[in-house]
Amino acid sequence: MDESSEASAVDRTRAPRPTRQWKPAPPRSVVGLASLAVLVAAAAVLSAVWTAGSIREALDSLSADTAWVNVGLYSVAALAMVLFVPAVKGLQTAIEARRLIRIDLAEARATTADAQEKSRLAIGYAVAFAIVLLFGLFLIANEIAVGKTFFDLGLIFETGALVASAFWVNVEIFMIAEVLVLVWGLLIAVARLAPGRAGAPIRLIATAYVDLFRGLPAIIAIYLVGFGLPLTDLPILRDMTPTMFAILALTLTYGAYVSEVYRSGIESVHWSQTAAARSLGFSHSQTLRYVVVPQAVRRIIPPLLNDFISLQKDTALVSVIGTVDAFNQAKIIASNHFNLSSVTTVAVLFVLITIPQARLVDKLIERDQKRMRAGG
Amino acid sequence: MALVEIRDVRKTYGGVVPVLNGITLDVEEHQVVCLIGPSGCGKSTLLRCINGLEGIDGGEIRLHGDRVSGPGVDLDALRRDVGIVFQSFNLFPHMSVVDNITAAPIKVLGLGRKEARERAMELLARIQLDKKADEFPDRLSGGQQQRVAIVRALAMDPIVLLLDEITSALDPELVSEVLNIVRDLRQEGMTMVLATHEMGFAKEVASKVCFLYGGVVHEEGPPAEIFSDPHDERTRSFLQRIIEAGRL
Ligand SMILES: Nc1ncnc2c1ncn2[C@@H]1O[C@H](COP(=O)(O)OP(=O)(O)O)[C@@H](O)[C@H]1O
Ligand SMILES: [Mg+2]
C-alpha cells in the first residue's frame, strides 16, 4: 500500500533514468556438431557393411540358401547411407549460417537452429542404428550361439501351442486375482482409514497386514501359502488346487500394494470435498462412497494398472509350487531339448500382453496431466 | 429464546493461543448476522463450529434451545439442518450440477429421485441456471458455481444458513450475482450468519454486525452504529483500514 502511494507521487518533470542497452548476441556456430554428425553417419555405414558381412558368413556356416538373404543384408547396410542426408545437409546449413551472421542476424539464428536440428537428427538415428547393429552382432557371435540358444525357430513353432495353452493358466490366475485384489485392496484401504479412537485397532491391524505383505517377497508368499496351507489339512484349504493357492497368495500380496494405491488416491481428494459432503449431512461412509472414492478412482487407474502389470508377471512365480503354468511348461521343454527357445516364447507372450497396458497407462497419465494443466 | 445461541464458546487448534476465546452471540429467527474482523480472527472457525464441522473445547451452542454441542449429539442430523456455503464453493467435480444438488436430498433425506430433481430444477430456475443442470461444475464460472453451491445447501431446506466469505474467491464482476441471491433469501426470511469482507453489503443486509477480535465478539450492534459510530478503538482502526483500501 505504501508503494502504490509513492508510485502515484512520481515526479514527472525529472528526466527518466536511461534504460540499459540490449546487446544482440550472434548465434553460436554449430559447424562442430554438424561435422561430428557426418563422422557418426560414416561410422554407422562402415559398421553396417561389416556387420552385414559377418552375418552372411555366419549364415554360410549354416549352409542355407543365402542369395536373397545377401540382398536383404546389403540393402540394410545401404539404408545406413540415408543417415548422410541430414548429416551433410546439416553441415552445409551450419556453414551457410556462419556466413549469414554478418548479413542478417535473425536469418542467421533461424538457419543455425535448422542446422542444429538436422545434425542432431542424424546423430540420434545413427546411435539407434548402432544399438540395433550391436544386438545383431550379439546374436550371431560365436557361430550364432545366442541366436540358436534363444531363437531356435523350429523348436519355437513345434512347442508354441503347448506353451501358449499353459499360458492360459497364467491368464486365469491373474484375471481372477485382479478382481479379488480390487475388492480386497479397497477393504484394507477403508480399514486403514477407519475413523476415531474406536477405529484405532482396525487401523493397526490393517497397517500391520500391509507392512507384512509389502515386505514379503511374492515368491515366498506363494511358497508358504502353496506348500504350507495344504499341510494344515483344514476343511476348505485341504481341497484347494495349487492354482487356487497361487491366486490366494497373489491376492494377499497385491492386496497390500493396491490398498496403498487406493489410500493415496483417497487421501489425494482435497479435505474440502469431505467438509462439503459432511456439511450436507452425509455420514463418514456415505462421504467415502459417494464423494471421495468416485473421485479417487480416476486418479488411481494408472498406478493400479502398473500394479496389475507386476501381478501378471509374478504369475510366473507360481511354478515354485508346481503349478504347470507357461514358465514351468517351457522349463520342462527347455530341459528336454537343452535349448531355451521355449522360454523365449513365454517371455514374448508376457511382453505382448504387457505392452498395450503400458501404453494405456502412459495415455492415462498424459490425459491426467493435461487436465491438471487445464486446471480441473 | 434465540434460534441459535452461542455461549462462551472456546476453541483451540494445536497451538496454545485459543482461536475462539469465549464467543457469545445470539442469532434470532429471520436475522442476518454479519461477522467481520481481520483475517485469521476466527470467523470461519466459528461458522464451522456452529454446524459441527469442528468440535468446540468449551461453552455451548444451542439450536431452538436444544444443546447441539458436546458429546452424544447427532452431528449428521445437525448438519442436515444447518447449511454452510464455503469460500471456495466445494462443488463435487464428478457430479453434474443437478446431481450436486440432489445428492444429499436423495442419499441423506431419502427423497425420491424424480422429486429431488424437480425441486433442484425449481431452485436452479430461480438462479437462472436451469439450462446448466446437466453441465459439470468445471464448465461454470466462479459466480455460477457459487450460486449452485448456495442452492445445494438450500435443497436441504436448512433452518439456518452459514455463509463463509462466499464472494472472496470471485472476480469483482461476478460478486453481485451471488449477493443478489443472499438479498432474496433475506427477503424470504432465511436466518443467516455470514462472514464477509464486503462491508457495503454487510451494511445493507445485516440485522446485526459482530466485530470479532482476539477470539471474542469485541463489539456488536446494528450496522448503522458499527459502521458510522464504532465505540471501540480496535473496531475503528479495522474499519479505517478497510476504508483506506477503498472497500467501504
Ligand atoms: N484446521 C486448522 N488447524 C490449525 N489452525 C487452524 C485451522 N483452521 C484455522 N486455523 C487457525 O485459526 C485461526 C482462525 O482461522 P479462521 O477461522 O480461518 O479465520 P478467518 O476465517 O477469520 O480468517 C487462524 O490463525 C488459522 O491459522
Ligand atoms: Mg475465513
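Cβ atoms are placed via backbone N, Cα and C, with glycine included.
The region 'Disordered' annotation in TrEMBL covers A:1-26.
What TrEMBL lists as transmembrane segment is A:30-51 (among others). Nonlocal intrachain contacts for the transmembrane segment (A:30-51), taken as residues 6+ away from its ends with a CB within less than 8 angstroms of a stretch CB, comprise 74, 76-77, 79-81, 83-84, 86-88, 90-91, 93-95, 97-98, 112, 115-116, 118-120, 122-123, 126-127, 129-130, 133, 136-137.
Marked as transmembrane segment by TrEMBL: A:71-91 (among others). Remote same-chain residues near the transmembrane segment (A:71-91) are listed as 30-31, 33-35, 37-38, 40-42, 44-45, 48-49, 51-52, 55-56, 115-119, 121-122, 125-126, 129 (criterion: CB distance under 8 Å, separation of at least six residues from the stretch ends).
Taken from TrEMBL, the feature transmembrane segment covers A:122-141 (among others).
The transmembrane segment annotation in TrEMBL covers A:161-191 (among others).
The domain 'ABC transmembrane type-1' annotation in TrEMBL covers A:167-361.
Residues annotated as transmembrane segment in TrEMBL: A:212-231 (among others).
Residues or ranges marked as transmembrane segment in TrEMBL: A:243-262 (among others). Nonlocal intrachain contacts for the transmembrane segment (A:243-262), taken as residues 6+ away from its ends with a CB within less than 8 angstroms of a stretch CB, comprise 169, 172-174, 176-177, 180-182, 184-189, 192, 206, 209-210, 212-214, 216, 218, 221-222, 224-226, 229-230, 296, 300, 303-304, 307, 310-311, 314-315, 318, 321, 323.
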Six or more residues beyond either end and a Cβ under 8 Å away: which residues meet both conditions relative to the transmembrane segment (A:122-141)? 36-38, 40-41, 43-44, 47-48, 51, 54-55, 58, 80, 83-87, 90, 147, 151
